[in-house]
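Novice: Under the heading domain 'ABC transmembrane type-1', TrEMBL lists B:136-346. Feature annotation from TrEMBL assigns transmembrane segment to B:29-49, B:138-163, B:175-199, B:219-241, B:276-298, B:324-349.
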Amino acid sequence: MATRTDTSAPEATKVPAKAIEGRSLGRIAWTRLKRDKAAMAGGITVILLIFMAVFAPLIVGWFGHPPNEFHQDNALLAAELGGLPRGDFLFFENSGISGDFLFGLEPQNGRDLFSEVVYGARVSLLIAFLATLVSVLIGSTMGVIAGFFGGIVDTVISFLMNVFLAFPLLLFAIALVGVLPDKAFGLSGNSLRIALLIFIIGFFNWPYIARIVRGQTLSLREREFVDAARSLGARGPYIIVKEMLPNLVAPILVYATLLIPTNILFEAALSFLGVGVQRQVVGEPGVTWGGLLSDAARNSVVHFMFFPGMAIFITVLAFNLFGDGLRDALDPKSKR
Amino acid sequence: MAGPAGLECPAGPAAQAEIVVTFFIRRTIGAVLMLFVVSIATFLIFFGLPRLAGATPETFAARYLSRTADAHAQQVFAEKLGFYDPLWMQYGRWIKAIFVGTDYDYGTGIEHCAAPCFGYSFRTNHAVWTDLLDRMPVTVSLTVGASILWLVTGVGVGVLSALRKGSFFDRAAMTGALAGVSLPPYFTGLMFLYFFSYQFDLTAPGGTYVDFTDNPGEWAYSLILPWITLAMLNAAAYARFTRAGMLDTMGEDFIRTARAKGLHERVVVTKHGLRAALTPIITIFGLDVGLLLGGAILTESTFGLKGLGYFAIDAIGKQDFPQIMGVTMFAAFFVVVANLIVDMLYAVVDPRVRLS
């Protein structure tokens, strides 16, 4: 962003030059991003994961069995081993991994772990994306207001951010999910839970975005083009929307991308602790990676922990790689 | 108070001391204010929100009574505990009990609850405060061990990576660190437990904890896996912070000056580079330790360690409001105090902070 205004200043009168300059930031970032193999790998994984979540029923139809189907016949689950699946694969003892059950079977109830992991992506990504959106909306608004107006407004908002950072967030989120009712806002069951989780996770993470936006706004406010706009008679709201926001898009985009994996971990932690989306036997299964891990913790069977855990790990890693790459690509001061 | 005079010419020692004292007082007031806001929020979540969602004074009272209690008993009890009073009065009573203690009249005689009084559990009737103190050693042991481990490894790896930027070590360490921050502690914890304890029997199984005063060796043996699990996550993050900070610092003019003076590279790195790069790390470290002292929820529940985090989850699962509120305030207290200590240390080390 720094380069954009600096270089365009000498030929600010030429309209076409400005258009080319405007495009070049995105193009520079894209060429940089393309060269970054780790970021591209992360980005492609993210896209594949989104496809997996959207087309979960199709994928499960091709490679597995419906997530709520129980396979309890003695050929698959060994009654003499307390319901552990039959069959070893590598170090996955008693996993039941086969061409038919790619990730093996769940002990005791014999559900197809592959399809559960595939369906788990749905809840995880849905909550992470929408919660990030909530954080970005609240955080950018608060950050811009604090940075632009300064004074008492800034003091109050900054204090509020500090209060949020002083909260034991996970504890608060768990407690909050616990006290809320089973029916509200015309929603019930898991739809209500998902909505609440989105709101709670998003609401607790806004200071993270707000701090960055506030800092950027503070430095943008002192720049010449803002002075120029002001001297031409532009008012606060116009300057914020037309002059500041375009310059804030890049940092917001980067930190939103980096907030998604945090939110995935947050949701998985809540599910692991048993306060996330609840499992359903009929309809949309409501299976989560954190929930699967929490079930797996109860019986020491390694494949049951490994696949849901790896799903969280790969998803979070992919977003982190992509976010890091995006930050390097969009940051003109980047040392690469 | 930060006049330009203070920035340009160093004030006398007396004036310096005054600035520091004013700064400390201001920050302490800020911390108290913060705790006040947190306490209001906590209270509103547990006593305000359920009201909006349709809870009545009787349903609150019912939590203290056995399931067989009739509506009349609930009303009497709600009256006794003051659930019919406006919210601000109930809040005032709660805060007052924390500072000066309170007397409960359960009808069978007056029971005195001494000064930090967080009330009694719905279920066990234990005083929340003594329960919290009982759980403290586990959480402190876990936090102290893990924090030393991650600070040493994280900063060490970060510094080495920065000094050998672009090398194989740097790339391997940073890939490892990125993987480390992406691994949820309950996943690594479960895998560690499975392999090291269940399969190879090298470490203590989950749920074991031996007090330090009973047997220090057993204490360390029972905590080694939780320490590693908790440290891994943070070590990875610290390695990334340290590397970035170190790279920034080593590009500064004063490092060039130090080198130009002919200082030994080791001295340049440790006395000039590391010292400047570590200051923000210490801030984050203080906050992280403060946060963990309020309960390492995920690690504790993965390993079945009965610390504050485990206590909190248990209390939330059973909807035991006095316990939940007690542990939340306790945890918030640690975060705020850690914040305060870090601020003050910072002000002593770096004079620019208190002038801003």
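Using N, Cα and C of the backbone, Cβ positions are placed for all residues, glycine too.
Can you walk me through where each of these features ends up in the structure?
Specialist: Within its own chain, the transmembrane segment (B:29-49) has Cβ neighbours under 8 Å at 60, 87, 90-91, 94-95, 321, 324-325, 328-329, 332-333, 336-337, 339-340, counting only residues six or more beyond its boundaries.
Residues 169-170, 173-174, 177, 209, 212, 219-220, 223, 226-228, 230-243, 245-247, 250, 269, 274, 277-278, 281, 285, 288-289, 292-296, 299-300, 305-309 of the same chain lie 6+ residues outside the transmembrane segment (B:138-163) yet bring a C-beta within less than 8 angstroms of a C-beta in it.
A Cβ distance under 8 Å defines the sequence-distant neighbours of the transmembrane segment (B:175-199), meaning residues of its chain 6+ beyond its ends; these are 157, 205-206, 225-226, 228-230, 232-233, 235-237, 239-240, 298-299, 301-303.
Here the transmembrane segment (B:219-241) has long-range neighbours at 141-142, 145-147, 149-151, 153-155, 157-158, 161, 173-174, 176-181, 183, 185, 188-189, 192-193, 196-197, 203-204, 208-212, 280-281, 284-285, 288, 292, 296, 299-300, 302-303, 305, meaning same-chain residues at least 6 beyond its ends whose C-beta is under 8 angstroms from one of its own.
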